[in-house]
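Some notes on the structure that comes next.
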Amino acid sequence: MAPAVAAAASAAMRQALRDRQILDAVGTGAAALSLAGSSFIVICYLLFRELRKFSFKLVFYLAVSDMFCSLFTILGGPSNAFYCFAHDYSAHFFCVASFLWTTTISFTLHRTVVKHKTDVEEFGSIFHLYVWGTSLSTTVLRSIGSDYGRPGTWCWIQQGSMAKVLHLITFYLPLWGAILYNGFTYYEVNRMLNNATQMAAGISDQSNQSDIRAGRKAFNRWGYYPLILIGSWAFATINRLYDFANPGHRIVWLSFLDVGFAGLMGLFNSIAYGLNSSVRRAIAERIDTFLPERIKRSLPALSRLRSQQENELTSLIVEGN
């Protein structure tokens with residue numbers, strides 16, 4: 001009887017180790033993709049001076065936050081207590097900052113399109129205080145009572161219910177607050193565009209209709225952005241709540257979805273917020289400068305991109321101001 005129990009326990013331990021290794025590999029791979037995507041946006045901002053306008057600065061800071069969040073995720077869980085402290089302190093800080101930078105982009109969009117204000121640049125210092133200050137506050141609160149000597153991917157993972165409550169408050173509360181605010185903002189912008197479309201149609205104002213159609217076409221893409229945070233963190237939220245209600249029992253497939261989709265947040269953000277027509281055109285212009293004319297003629301897609309007119313809402317949020 002005893003040998004059978006020991007064998008079963010050994011098999012369970014080996015399976016748990018394999019699951020842990022696969023989970024780490026999934027998280028590292030997803031974070032690496034996000035690191036590459038966010039780093040690309042940062043490099044574009046630093047190389048192309050025409051992108052250094054206020055609203056794209058918000059995208060730049062979002063990419064910086066995603067870049068460091070992904071980087072510290074890839075570093076894994078060091079066994080040294082000091083590095084464990086630095087690793088998780090930094091990962092939590094930059095991940096929360098990423099959520100908050102999306103709300104500053106939403107605020108800028110709402111104030112520009114709905115409120116018809118042109119003073120968004122005056123909020124630059126307030127945005128920094130809000131994002132970095134809130135991120136630091138939640139990180140410090142989350143670190144209270146944490147055992148930084150514990151090895152593993154997250155040194156803050158503890159079994160106590162109070163630690164789990166702190167995790168929900170300091171991480172998932174800002175996350176879902178950002179999701180709700182972004183959703184409300186895009187709903188307001190969508191409603192404003194609908195009203196403007198009806199008014200323009202009623203007075204047969206062709207010029208206004210053309211502008212509104214351009215805004216509507218761009219908003220069809222921007223309107224999906226709140227779904228990025230939901231898609232990235234829905235499984236993680238479910239996993240945390242399940243763990244809170246059923247301590248000590250983990251659903252393996254849910255953990256894989258949790259780690260995989262959360263790790264891809266930076267990649268999703270870089271594609272949605274960063275790869276707009278301004279960035280594509282800046283890249284095309286640089287390529288156009290160095291490519292021989294013979295090769296350029298054989299790349300019709302490059303020619304179309306180079307001559308494309310700006311018909312996106314980025315004239316208000318990314319290229320505006």
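Placement of Cβ uses the backbone N, Cα and C atoms for every residue, glycine included.
Note: TrEMBL annotation is automatic and uncurated.
For 23-277, the entry in TrEMBL reads domain 'G-protein coupled receptors family 2 profile 2'.
For 28-48 (among others), the entry in TrEMBL reads transmembrane segment.
Residues or ranges marked as transmembrane segment in TrEMBL: 60-83 (among others).
Within the same chain, residues 55, 58-59, 61-62, 65-66, 68-69, 72-73, 120, 123, 127, 130-132, 134-136, 138-139, 142-143, 156, 170-171, 174-175, 178, 181-182, 185-186, 188-189, 192-193, 215, 222, 225, 228-229, 265-266, 269, 273, 313, 316-317, 320-321 sit at least 6 positions outside the transmembrane segment (89-114) and bring their C-beta atoms closer than 8 Å to a C-beta of that stretch. Sequence annotations record features per position, and here TrEMBL assigns transmembrane segment to 89-114 (among others).
According to TrEMBL, the feature transmembrane segment maps to 126-145 (among others). Remote same-chain residues near the transmembrane segment (126-145) are listed as 58, 61, 85, 88-89, 92-94, 96-97, 100-101, 104, 156, 162-163, 166-167, 169-171, 174 (criterion: CB distance under 8 Å, separation of at least six residues from the stretch ends).
What TrEMBL records for 165-184 (among others) is transmembrane segment.
If you look up TrEMBL, you'll see 222-239 (among others) marked as transmembrane segment.
Per TrEMBL, transmembrane segment is recorded for 251-275 (among others). Same-chain neighbours of the transmembrane segment (251-275): 19, 22-23, 26-31, 33-38, 40-41, 44, 59, 62-63, 66-67, 69-70, 73, 95, 98, 102, 105, 221, 224-225, 228-229, 231-236, 238-239, 242, counting only residues six or more beyond its ends whose CB sits under 8 Å from a CB of the stretch.
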